[in-house]
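Chemist: Take a look at what TrEMBL says about it:
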ACT_SITE  Glu107  active site, nucleophile
ACT_SITE  Glu111  active site, proton donor
DOMAIN    20-221  domain 'GH16'
CARBOHYD  Asn115  N-linked glycosylation site
SIGNAL    1-22  signal peptide
Amino acid sequence: MLIKMVPKLLLVLLVAATAAMAVSPPKPVDVPFPKNYVPSWAADHIKYINGGNEIQLSLDKWTGTGFQSKGSYLFGHFSMQIKMVPGDSAGTVTAFYLSSQNAEHDEIDFEFLGNRSGQPYILQTNVFSGGKGDREQRIYLWFDPTKDYHSYAVLWNMHQIVFFVDDVPIRVFKNSRDLGVRYPFNQPMKIYSSLWNADDWATRGGLEKTDWSKAPFVASYRGFHVDGCEASVSNSACPTLGRRWWDQKAFDDLDGMQWRKLKGVRDRYTIYNYCADRGRYPAMPPECTRDRDI
């Protein structure tokens with residue numbers, strides 16, 4: 001009897017293991033830049049390498065540059081491999097974000113804040129919903145993002161927004177509409193990236209200015225993965241809702257291992273978390289408990 005039960009037990013364990021693994025997003029599909037993106041400004045400051053499989057954005061004293069997705073999306077998985085500006089990058093910001101076009105706009109931000117040589121980059125994330133932002137979180141990265149390419153990704157569905165760095169979740173923003181918190185769900189967003197000068201605030205609150213003798217500043221990109229529900233700007237619903245991998249129940253929440261990894265990032269690398277800022281928020285914002293930020 002015990003011998004007969006063993007195969008069934010192994011099958012149960014295998015199914016459970018497979019279900020647990022299914023929570024991790026599939027490996028992104030690398031495609032050339034022109035498949036999903038177009039320049040949005042200062043196109044002459046974008047250099048194409050290897051047929052557009054890699055590009056470089058350049059910032060000088062006159063202008064930065066940026067690009068945007070061809071389509072607009074309601075939910076999906078979006079990732080980019082980026083190698084940040086090396087050396088003395090103080091005052092520069094490399095941004096990768098999603099944003100809607102409406103006045104009460106939604107936005108999901110990665111912003112990489114440059115620093116003086118030898119000092120670490122700071123990664124700032126933010127979420128705008130219904131025009132409200134002020135949800136900044138800042139962390140140090142656990143590697144030098146200027147030495148090699150690293151993956152930065154957003155998973156966005158009806159239940160949660162998850163920020164990933166090299167497949168490690170560094171932030172989650174849950175759908176807390178039942179708590180009175182606006183959540184991005186009905187405004188399609190385009191994907192943007194840019195390299196620009198922000199030395200009035202980016203490095204030590206604007207104390208460190210951009211050293212233009214080090215220009216041009218160059219950030220490198222590859223990957224350009226987009227797996228989303230494409231929708232026109234006027235659409236307020238995803239026509240394929242419930243039929244994509246990122247829409248399945250396995251992605252309604254992080255699994256146990258992912259929550260532990262996220263806690264490790266918060267415990268070791270957090271510089272600032274709006275949820276803990278009683279000066280700005282005497283009463284903790286309601287989403288913070290659900291997001292396990294405190």
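Yeah, the Cβs are placed from backbone N, Cα and C, and that goes for glycine too.
Looking at the shown structure, what environment does each listed feature sit in?
Modeler: Its Cβ placed at the centre, Glu107 (active site, nucleophile) has 18 other Cβ atoms within 10 Å.
Neighbour list (Glu111 (active site, proton donor), Cβ cut-off 8 Å, at least 6 residues apart, same chain): Val93, Thr94, Ala95, Tyr97, Leu123, Gln124, Thr125, Asn126.
The number of other Cβ atoms within 10 Å of the Cβ belonging to Asn115 (N-linked glycosylation site), over all protein chains shown, comes to 20.
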Chemist: Rounded to an integer, what is the Cα-Cα distance in Å between Glu107 (active site, nucleophile) and Asn115 (N-linked glycosylation site)?
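Modeler: About 25 Å separates the two Cα atoms.
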